[in-house]
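Asker: The following block contains the structure, expressed as structure tokens.
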């Protein structure tokens, strides 16, 4: 075989291994043997093309055997999967607008604990360390039944094919679109975990009381930048929060909260706990059901509902990003979409790792 032909073959093999892990381990030995032949060839020993061939064969031999996420993952295995999920999510959001925010948050809280593996969906019966019981999730994470319903519909057409982790990732995108938010291409091929981590959920999820000194490192540890963090925080342009999460902020008479805004919020959030702990208030008072950039305008006006919201515009390193998004809705939506794609890439289970759950809340 000519060197040029061999190079073309190797390039093809290199691409193939990236999209199919089933053959990966079987071919390692072949590439090592081919590399040895190329090295021992006297005619090729001084050839630059020989160096290229050897290098590529070593890469092929020792590269990790991990499947790559792909937006076309289900195109042949379950071509109706995405349309089925989209219809299910649209129905849920049309019934309750708030559900859009809940699904985006559920995906976020999943990816930050063990990666995007649907571990947050496992209930107590399935896992004694259910992440649902972690403080950031307890009595606040919601939308589980919506994901389960979408899973049931997908299972009816393609049993055992589409993971709960992928359904959750797609649901977050479809929820955003349903309330006027951006769309993005969801990469697919994740598999589901067989365990959850209550302890990691306690440490790796941000709290409504956190300052930048904690929030920025939490996101950085997941491969997300300050800009990604601020963009993702912009999902608080929709959704609601419980009184217990903002009571201290509206009653502490601090300089970082607008007095009129605090007074309005006090109407449904009594001073003394536990009275009214579960009472809800919109995170964005102006357009609570629309995905826009009013959240950032609110921060500049000192009308962030949560402490972790207002710290984004409090004289720190993220002030300039908040200002930029408050003036540029298109920039915010574009950055939000990009950040969601990056978040969806956090430590997915692929290839032979993990499983495809039959029920999202239970281990097979």
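Glycine too: its Cβ is placed from the backbone N, Cα and C atoms.
What TrEMBL shows for this protein is this:
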ACT_SITE  109  active site, proton acceptor
BINDING   110, 113, 115, 117, 119, 131  Ca(2+) 1 binding site
BINDING   206  substrate binding site
BINDING   236  heme b binding site
BINDING   237, 284, 287, 292  Ca(2+) 2 binding site
DISULFID  78-158  disulfide bond
DISULFID  111-116  disulfide bond
DISULFID  164-360  disulfide bond
DISULFID  243-269  disulfide bond
SITE      105  site 'Transition state stabilizer'
Asker: Could you work out which of the binding-site residues (119, 237, 287) has its C-beta surrounded by the smallest number of other C-beta atoms within 10 A?
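Answerer: So among 119, 237, 287, the binding-site residues given, the one with the fewest Cβ atoms within 10 Å is 287.
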Asker: Across all protein chains in the structure, which of the disulfide-bonded residues 78, 158, 243 has the highest Cβ count within 10 Å?
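Answerer: Buried the deepest by this measure is 243.
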Asker: What subset of the binding-site residues 131, 206, 236 lies within 10 angstroms of residue 109 (active site, proton acceptor) at the C-alpha level?
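Answerer: Qualifying among 131, 206, 236: 131, 206.
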Asker: Please report the Cα separation of residue 119 (Ca(2+) 1 binding site) and residue 78 (disulfide bond) in Å, rounded to an integer.
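Answerer: Rounded to a whole number, the Cα-Cα distance is 23 Å.
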Asker: Please identify, among the recorded positions 115, 158, 269, 292, the one with the smallest Cα-Cα distance to the residue listed as 'substrate binding site'.
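Answerer: For the residue listed as 'substrate binding site', the closest Cα among 115, 158, 269, 292 is found at 115.
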Asker: Starting from the Ca(2+) 2 site formed by 237, 284, 287, 292, give every other residue of that chain whose CB sits within 8 Å of the mean position of their CB atoms, in sequence order.
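Answerer: Result: 238, 286, 288, 290, 291, 293, 294, 295.
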Asker: Could you state the CA-to-CA distance between the residue listed as 'heme b binding site' and residue 164 (disulfide bond) to the nearest Å?
Answerer: 24
Asker: Specify the count of other C-beta atoms within 10 Å of the C-beta of residue 117 (Ca(2+) 1 binding site).
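Answerer: For residue 117 (Ca(2+) 1 binding site), the count of other Cβ atoms within 10 Å is 28.
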Asker: Within the chain of residue 105 (site 'Transition state stabilizer'), which residues six or more apart in sequence place their C-beta under 8 angstroms from its C-beta?
Answerer: 141, 143, 235, 239
Asker: Run through 110, 113, 117, 284 for me and report the binding-site residues whose CA is within 10 Å of the CA of residue 78 (disulfide bond), in sequence order.
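Answerer: So the list is empty; none.
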Asker: Using C-alpha atoms, which one of the binding-site residues 115, 117, 131 comes nearest to residue 164 (disulfide bond)?
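Answerer: Its closest listed neighbour, by Cα, is 117.
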Asker: Return the member of 131, 237, 292 nearest to residue 269 (disulfide bond) in space, with distance defined Cα to Cα and candidates limited to these binding-site residues.
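Answerer: Comparing Cα positions, the candidate nearest residue 269 (disulfide bond) turns out to be 237.
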Asker: For a quick check of packing: other C-beta atoms within 10 Å of the C-beta of residue 164 (disulfide bond), how many?
Answerer: 30
